[in-house]
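What follows is a short report on a single structure.
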Amino acid sequence: MSNYSHSSNNPFLKVSTKEDKPSSFHKIAEDEEYEVTSPTDATFRASKNADNSAGGNNPLESGRAGESGDGIRFGRDPFGNFQGGAEGQDESSIDPNGFRPTGGPDHGFPNNYALGRRTSVSAESLNPTSAGSDSWTPPSHPKSEEQLARLKTAVSNNFLFSHLDDEQSRTVLDALVEKPIPAKDIKVISQGDAGDYFYIVEEGHFDVYINPSGSVQPGPDGAGTKISTIGPGGSFGELALMYNAPRAATIVSTEPKSTLWALDRITFRRILMDSAFQRRRMYEAFLEEVPLLSSLKPYERAKIADALDTIKFPAGEYIIKEGDPGDAFYLLESGEAEAFMEGVEEPVKSYKRGDYFGELALLDDKPRAASVRAKTEVKVAKLGRDGFKRLLGPVENIMRRTEYSSRPSTAT
């Protein structure tokens, strides 16, 4: 294996060059930057010879490229707290070459580790519960009632939290850390960097930039093209944690004062991904019991499971109403429901666990032909129009063959 490597692709190493152009973003001094991004400090053991202050060519991290004395030190955690021995290291002990092509025991890395290459994040198991027998305890950061109220408002509409039960929600809220962003044009995460934290926006707006090269480049336009803006209640940073991949975009603050809440990688995977994994397993088991879907392959049912949303209705509440446009398909998970038609006093159909309704209004693009009301408290799995069209194609003919005389609900 060749020892040659490109330092520009390595998120842990910075090489200063005289040709680098100044950044269009504000430089943030190390002692006051409130740095919110970090390579995974715990991934590698400490090395007394590690490069800690080489100049950066990342315009969103180091400000003006080429100022090697002001580069980011990796001895701090994502919240600006010093964690290692890098800060007090004698400048004379730092390798003037700025990088080492390969690792080795002397450098604190494996012999075959190429420092010049971009590194991937160390992956946990895809099944977050696979290590559930250990003694992991979720972090807990005390919060005032006012902070909790603000935080609950911030996460109330976030899709990643919509399926958590009360205990899981409380664990996540306790683990979140408030992160004030004190100025405009502060880089929160950089494309291509390792991902350690997931962020929720409470206050302020943040622009999203993507560079086609896959990482931030030198120069005023090194962040790439702006593709969107994230506002209060939004979130970012989950993809790198979910898929153990480098950051997919650069996020920059746009207002003089903003507030984020940060959730660390381990808690994110243990709580949010564990919830998603268990939810998929639950739905897969449920879908296997639905006669309509018995002909589907396991991977097809898994796709449906990922697309379902759980909704609860109290007894007496209408799930769908006659005459309304058809926008979703429903599977009854628990409880009992009944279908009614205008002019008919008695229910025209009863439902129990495993039954479904709402399909023909989607198949034929017609209004609902009947109303469905919860007889008891019910829990339904809802599949939206797009997911229905995309995922239930293999059983469309089965649904169309069902006779209305024996199953009037198919017209709903």
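Even glycines carry a Cβ here, placed using N, Cα and C.
Database features (Swiss-Prot):
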BINDING   160-291  3',5'-cyclic AMP 1 binding site
BINDING   292-405  3',5'-cyclic AMP 2 binding site
COMPBIAS  1-11  compositional bias 'Polar residues'
COMPBIAS  16-29  compositional bias 'Basic and acidic residues'
COMPBIAS  49-60  compositional bias 'Polar residues'
COMPBIAS  119-138  compositional bias 'Polar residues'
MOD_RES   S120  phosphoserine
REGION    1-146  region 'Disordered'
REGION    23-159  region 'Dimerization and phosphorylation'
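Secondary structure from DSSP puts V177 (3',5'-cyclic AMP 1 binding site) in a beta strand. Counting only the Cα atoms, the space from L160 (3',5'-cyclic AMP 1 binding site) to A307 (3',5'-cyclic AMP 2 binding site) is about 13 angstrom. Taking only the Cα positions, the spacing between A194 (3',5'-cyclic AMP 1 binding site) and N397 (3',5'-cyclic AMP 2 binding site) is 47 angstrom. Classification of E322 (3',5'-cyclic AMP 2 binding site) by DSSP places it in coil, neither helical nor stranded.
Checked against N211 (3',5'-cyclic AMP 1 binding site) by C-alpha proximity, the binding-site residues A307, K352, P367, K382 yield A307 as the nearest.
Annotation note: A337 (3',5'-cyclic AMP 2 binding site) sits in a strand segment as assigned by DSSP.
For the pair formed by V177 (3',5'-cyclic AMP 1 binding site) and A307 (3',5'-cyclic AMP 2 binding site), distance between Cα atoms is given as 30 Å, rounded to the nearest Å. The binding-site residues in question are N211, S228, N397, and the one with the fewest Cβ neighbours inside 10 Å is N397.
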